[in-house]
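What Swiss-Prot annotates here:
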BINDING   Gly114, Thr115, Glu116, Gly117, Lys118, Ser119, Ser120  ATP binding site
MOD_RES   Lys227  N6-carboxylysine
Amino acid sequence: MLYRKPITVCLASCSVQETHGSACDVSSIAYDSRAVREGSVFFALRGTHAHGAQYIHAAIDAGACAIVHDCPLDTYVVGVYYARVPDARCALSSAAAAFYDFPTRALTVIGVTGTEGKSSTVSFIAQLLRLCGKRVGFISTVEYSLGDDILPNAEHQTTPESLTVQRLLAEMREHSCEFAVIEASSHGLSTRTARLQDVAFDVAVCMNVRHEHLEFHGSFEQYRFDKANVFRALDAHDHIKDGRRVPSFGVLWAEDASAVYFREATHKPCFFFKRGTGAEQRTAACLERMPCTLLWVQTLPQISQALRLRFVLSTVQEPAQPAQDGAHDVSVPLEGAFNACNIAASFLVLHGLLGTSLAAFAQHVQYVQPIQGRMQRVDMGQDFEVLIDYAHTPSSFEEILPPLAARVRARKRRMLVLFGSAGERDTQKRAMQGAIASRYAHVIVLTDEDPRGEDPMGILCMIAAGCEHKKLGKTLFLIPDRVAALRHIFSLARAQDLVLLLGKGHEHSIIYAHTVQPYDEERTARELLRASLSSDTLLS
């Protein structure tokens, strides 16, 4: 669909401080001068390494008829409309929403935040809504959908810029979607980026809050505050979508230390999930506001490769007398006990929006599929196990490594782990990652993740500082080249060992200072294993 709007309509909700030139109609919006075409409005955004004001003349040469900026300009080109605003990023979000006719006014929007589990939970919610017969689109780190096909997300951004968010939401509306599920990162929820500023959220989900992204937020408190913006957003509008009122609520993990903080960020009701059998006494402080809905989730002994869970749904009227809906067992074709919380949160979203019962949910959830790069098995016929996972934080290491290590110990074999840490990101977590991996892995291979502008070997040395009791060249290897690192860890693996490839997951590139190298972890692993098996066959 083609859009065209007067620039004054796009900027109607922005605090325009001054203008130069005559207003015009715009046919597209751009914040990258290379994307400008005839009739575009160009937003000059402040970036990490440069300011968009440097590219205003390039944008005009490419056909921009309007410029939105937040800094003083020395010259103004005749025939071009200029609008100065306090913050060009905030203005971009508002203008994009207006340009695309406010798409979230027609969509029931579910925002999923948290340090771990966002992408999987977004995917599970979208899959389950579809299994209930609903038209749904979604945006996540791994992939996105406008209602039909699922497409890979080629960017390294969890939440895209506001212009992309509004465009994708508009396309979901055009594809007759009723629901949109958005992975809401702390960056995207920050007022500094304003990427989700003009999204009318109806449901907010927070999986957990752990140590991450302090290089951007500056402190854990600011990190938590920014994440809670998705809960504050629930109180910002009336939840009337295309003339119908939709339910609005929050979903929280009762055991998380920040659950009370997030519950108090909204006046809307919150549903909770908690690990246990349902027989335990209520202990979570977040449950003090009653009545409240509480879902107990218990992990049952695994059969084959399916995750088996027992759910008990309670309505807590008072601490001693919760009303329970009986126990329901479900089987989900997923790896990893951590997915229990992701599935529990997904149920509460469906329960709150559609009134889905546990019995109906049990019928649907057996068809849920894992997403790429999350506990993904690679089997080329080798005699050892290979798993790929996106885990790249200390908390995600603590979540996945202990149960895998226990599984390996039970068969008296070894766990070999390959990972790195992103450059120009939180440096405090690097030694922590090394220390956690050292506790559970027999062999560690450190390699590039996304070094960006940092020295790759310098990053690996910072991780290695936490790898106590590992001997360099014996049980600890520093190999920046990721392909070479994979080749080496496969060469070390013995029969029945477990090889974990962490950090890249679904991503399709490695970012260096001056280049972006195409890279696919699954494809690379398959090619190396295939070559190794062919070589072994020839030698035998």
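Glycine residues also receive a Cβ, built from the backbone N, Cα and C atoms like all the rest.
Features per Swiss-Prot, on structure.
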residue	record	CB count, 10 Å
Gly114	ATP binding site	27
Thr115	ATP binding site	22
Glu116	ATP binding site	24
Gly117	ATP binding site	24
Lys118	ATP binding site	26
Ser119	ATP binding site	25
Ser120	ATP binding site	30
Lys227	N6-carboxylysine	27
At the level of the C-alpha atoms, what whole-angstrom distance separates Thr115 (ATP binding site) and Lys227 (N6-carboxylysine)?
9
To test your reading of the ATP site: which residues beyond Gly114, Thr115, Glu116, Gly117, Lys118, Ser119, Ser120, same chain only, put their Cβ within 8 Å of the Cβ centroid of those residues?
Val112, Thr121, Met207, Asn208, Asn342
Going by C-alpha distance, which of the binding-site residues Gly114, Glu116, Gly117, Lys118, Ser119 is nearest to the residue listed as 'N6-carboxylysine'?
Gly114
